[in-house]
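> Please see the structure below; I have some questions.
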There are 2 protein chains.
Amino acid sequence: MKKPLTIVKIGGNVIDNSEQLHYFLEDFSALPGDKILVHGGGKVATELGVSMGVEAKMVDGRRITDIHTLRIVTMAYAGLINKNIVAQLQARYCNAIGLTGADGNTIKAVKRPVKTIDYGFVGDLDEHSIAVDTISSLLNAKLVPVFCAITHDGDTQLLNTNADTIASAIAVAMSAAYDTTLIYCFEKKGVLRDVDDESSILSEIRLDEFAALQESGVISGGMIPKLHNAFEAIKSGVKEVYIGHADELLKQGAQQGTRLTQ
Amino acid sequence: MKKPLTIVKIGGNVIDNSEQLHYFLEDFSALPGDKILVHGGGKVATELGVSMGVEAKMVDGRRITDIHTLRIVTMAYAGLINKNIVAQLQARYCNAIGLTGADGNTIKAVKRPVKTIDYGFVGDLDEHSIAVDTISSLLNAKLVPVFCAITHDGDTQLLNTNADTIASAIAVAMSAAYDTTLIYCFEKKGVLRDVDDESSILSEIRLDEFAALQESGVISGGMIPKLHNAFEAIKSGVKEVYIGHADELLKQGAQQGTRLTQ
């Protein structure tokens, strides 16, 4: 039987709220067994850019990571946010180790090819980008990896990378050796039947129900790619995926978000 | 017989010069056996402070780490400098992993007590601050730890810490399990008989010669505390200490700096 492994992803809505981050890290520390945290960015990168006079660069509504932006996100994500999360987890006796994909060559991405838009220093990756052996060594040493959304290309270049993608790639890759559960914390309590009614949570969606829920319009908009990616992870070996609010999703015996399974 | 372990410390004079850093990382990658890199800061932290409007705070000629400065050094040292060094080592097939003392609780320091001066968020440490088991686990996983000069107090607080002290504390602590060699790269080629003559290098100083060299005035000024600390490390178990220029100290068969021994 494989050992269980939980991969949790948090974004700006948790990171930017120090009280919410505090409670989240308390719950995360209390999670039993092997676990990995993946965090996105937050307002601090934007604020840092403003204070340094570097404007966010957009092309056709897409954010571009030029060399100045890459410096800023490296400082904000890999430095300030990652190390403060690690120090806070350590204070809760969770033996966290903060990493970019360059550290231990844990995530080797590819700079996004230029087609119509040059996204700049952005990394694309999949489950084959993940160094399963190195991450397993860290887990076996009773360490808790905390990944920020920076990877590298193996040829000296750091790359800005989507944290959701990192979390699912790690979950899929680690599934060969572990029973993996992937938990996406986001701003809603789960997948809702009625987007304006936080109590209308769908407690479970099976892979074979997904298409029907899309057709009937219950799942629409931004939830479609999110759930599509989650089910792709499940098809590739992840045991289950939870989507919901950080406040509730990690509490023992109170997993009130939406559970996605085969 | 114990396994050999080399701990190398570099400072701003290497970090701030991209060509020198390039050659140093080439030499460091080629070093055989288990190894650890410790790096100090560099101009980038000062520049970052200027661009963010945070002035270096001095009291009685001493630099103070207030909360703004701590944020800046965390971003610059743990983020920008550390991760770029790691990415450059990875490109040379050196499996580097960048760390602060918070990561894996590897270095738990104590905030410097306020006596006449409040230094702010500065950490003091000694060999008992070092998590030998965790660092050994990383080395056993064939990883190369790269420490920046940030530690923590175990109670959520990150601390700015002297990189020379980190290097010697790691070397002393790891001596219980390894034959440790400590290499300090600095701006001179070694300990010089004549400070203005770079060819007057003392190739070796034994512990029992140190006092006489001080009395005769051959060793003076800033070299006294540097050598004092090095000999303290030797008295506490470090096998040998090299002091000299990064260009020459790491080259195989060309260790031209000053070698300090028992």
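Note that Cβ sites are derived from N, Cα and C of the backbone, with glycine treated the same way.
Not my notes, these are from TrEMBL:
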BINDING   B:GLY41, B:GLY42, B:ARG63, B:ASN160  substrate binding site
DOMAIN    B:5-244  domain 'Aspartate/glutamate/uridylate kinase'
SITE      B:LYS9  site 'Transition state stabilizer'
SITE      B:LYS226  site 'Transition state stabilizer'
> Between B:GLY41 (substrate binding site) and B:LYS9 (site 'Transition state stabilizer'), how far is it from one CA atom to the other, in Å?
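Given the Cα positions, B:GLY41 (substrate binding site) is 11 Å from B:LYS9 (site 'Transition state stabilizer').
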> If you count the other Cβ atoms within 10 Å of each Cβ, which of the recorded positions B:LYS9, B:ARG63, B:LYS226 comes out on top?
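Going through B:LYS9, B:ARG63, B:LYS226 one by one, the largest Cβ count within 10 Å is at B:LYS9.
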> What is the separation, in Å, between the Cα atoms of B:LYS226 (site 'Transition state stabilizer') and B:ASN160 (substrate binding site)?
20
> DSSP secondary structure for B:LYS226 (site 'Transition state stabilizer'), reduced to helix/strand/coil, please.
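The three-state answer is helix.
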> Using Cα coordinates, what distance in whole Å links B:LYS9 (site 'Transition state stabilizer') and B:ARG63 (substrate binding site)?
21
> Tell me the Cβ contacts of B:GLY42 (substrate binding site) under 8 Å, same chain only and six or more apart in sequence, or just say none.
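Correct list: B:GLY11, B:GLY12, B:ILE15, B:ASP16, B:ALA76, B:ILE81.
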> Give the sequence-ordered list of residues that share a chain with B:ASN160 (substrate binding site), lie 6 or more positions from it, and have CB atoms under 8 Å from its CB.
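Same-chain residues close to B:ASN160 (substrate binding site) (Cβ under 8 Å, separated by 6 or more) are B:THR65, B:THR69, B:LEU70, B:VAL73, B:GLY120, B:PHE121, B:VAL122, B:GLY123, B:ALA149, B:ILE150.
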> Quick one: largest C-alpha distance among B:GLY41, B:GLY42, B:ARG63, B:ASN160, binding substrate per the record, in angstrom?
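It comes out at 14 Å between the most distant Cα atoms.
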> Starting from the substrate site formed by B:GLY41, B:GLY42, B:ARG63, B:ASN160, give every other residue of that chain whose CB sits within 8 Å of the mean position of their CB atoms, in sequence order.
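What remains near the Cβ centre is B:GLY40, B:ALA45, B:VAL73, B:ALA76, B:TYR77, B:ALA149.
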> Determine the mean pLDDT over the domain 'Aspartate/glutamate/uridylate kinase' (B:5-244), rounding to the nearest whole number.
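For the domain 'Aspartate/glutamate/uridylate kinase' (B:5-244), the model's average pLDDT rounds to 94.
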